[in-house]
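Visitor: Just dropping this structure here.
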Amino acid sequence: MSRIETPRPIRGTQDMLGEQALRFGHVVQTFDRVRRLYGFGRVEVPVFEPTAVFARSLGETTDVVSKEMYSFEDRGGDSVTLRPEFTAGIARAYLTEGWQQHAPLKVATHGPLFRYERPQKGRYRQFHQLDAEVIGAAEPQADVELLCMADQLLRELGVADGVTLTLNTLGDGETREAWRAALVAHFEKHRGELSEDSLDRLAKNPLRILDSKDPRDRPIADAAPEIDDYLSAEAGAFFAAVTKGLDAAGVAWTRNARLVRGLDYYRHTAFEFVTDRLGAQGTVLGGGRYDGLIETLGGPVTPAVGWAAGIERLAMLIDLPAPERIEVAVVPMGEGAQALAARALADLRRAGIAADMAYKGNMKRRMQKADASGARYAVIIGDDEVARGEVSLKDMAAQTQGPVAIDALVAAIRG
Ligand code: ATP
Ligand code: MG
């Protein structure tokens, strides 16, 4: 006898049901409400793009491009990549769809992303993000608005208390070049003490050494020159305008002069909302200004700023949302009651009342189910009721029951 083996799920993917799905849904719904309060429209972009979209805009030296992308050749021989982040795809669409006419474009989305990483708590190969972007705005007010929105989202999710906004500036192009040169000089002096990874970073992306977690790198990174000594007057004024806006809006923040973020395209504002409640995966939301990105995709100079938040990490932090409850359980007794039951269910649901019915089972089983579901009412339909065009409406808490004409059922429940 042959046995068919059930295929396993792909490592680092998740199947969600019950509590986990409730948490996930609550995060998404809260985001959808908050983004409307800030005038961010919904945007949808493809789950896959030509590999060049990510390779160019994120930079070949980043961890995401060099190690984490799901890239493959499709049947036509084109190299495509499952999106590892939203920003590059939205920026591509901004150019190819002519969305420049809407600048400044304020958009938000959520959905799955794919990165080949070592799966662990809070880190998956298919994960999900909330994302918000403002494209075509050079003003610090855009940065402030996005940070206020992130702050309000965390408050409304009830997690703001355990989460801190850490903020930095990476300066403008001029600042970044000067600081980078100083960093390279500093790290060169300590070549012999750096980890292998950081030696690699020194050649390709020296800023990344600053957020290395390797204990060999830490003292050298901590002693590295700070960006403040290289900030141009313009870059300093921009950062001051952002922090002033945050203070005025009552958004708490702390400076982290070592915060660099993984991607090459950041300029000026960089930020992360971090918590110590999730172990090593403590960053729940991150973003910043990416004024250089659109040019790397062949577009005109276009200032932009945005953020992304991990839905799974937020879902782990929130209190368990209230379960989704059925208000009315319909309980038909026998075949003759099926038609009236179908009518009752249709009337209730069309009136916006959550109603459910077991597909099968005797009266006792069905009543037990109705009880377990937490329904406020049971609508019991037997032969007598069918004959009179009536149902029996039972208040589950009060344990009282009385006849109601089928036409009056919705009104009786609405009270
Ligand atoms: P990390 O340092 O944790 O790898 P990152 O800098 O790579 O994060 P971003 O690219 O800024 O992350 O993505 C924004 C947010 O998306 C993160 O703060 C995190 O909440 C979430 N995130 C990123 N990668 C994963 C993943 N593999 N699994 C689950 N969530 C993730
Ligand atoms: Mg990462």
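Here the Cβ of each residue, glycine as well, is placed from N, Cα and C on the backbone.
TrEMBL labels come from automatic prediction, so no person has curated them.
The shown structure was predicted, so the numbers you read here are calculated from the model rather than taken from an experiment.
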Visitor: Please pick, from Arg115, Arg118, Arg277, the residue that TrEMBL records in the L-histidine site together with Glu85, Phe86, Thr87, Gln129, Glu133, Arg261, Tyr265, Tyr266.
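Guide: For the L-histidine site that includes Glu85, Phe86, Thr87, Gln129, Glu133, Arg261, Tyr265, Tyr266, TrEMBL also lists Arg115.
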Visitor: In sequence order, which same-chain residues at least six apart have a C-beta under 8 angstroms from Glu85 (L-histidine binding site)?
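Guide: Long-range Cβ contacts: Phe54, Leu58, Val64, Leu113, Gln129, Ala308.
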Visitor: Can you count the other CB atoms that lie within 10 A of the CB of Tyr266 (L-histidine binding site)?
Guide: 24
Visitor: Using all protein chains in view, find how many other C-beta atoms are within 10 Å of the C-beta of Thr87 (L-histidine binding site).
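Guide: Cβ-Cβ neighbours of Thr87 (L-histidine binding site) within 10 Å number 24.
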Visitor: For a quick check of understanding: given the listed L-histidine-binding residues Glu85, Phe86, Thr87, Arg115, Gln129, Glu133, Arg261, Tyr265, Tyr266, what is the maximum Cα-Cα distance in angstrom, as an integer?
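Guide: In whole numbers, the farthest two Cα atoms are 21 Å apart.
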Visitor: With every protein chain in view, what's the tally of Cβ atoms within 10 Å of the Cβ of Gln129 (L-histidine binding site), excluding that atom itself?
Guide: 21
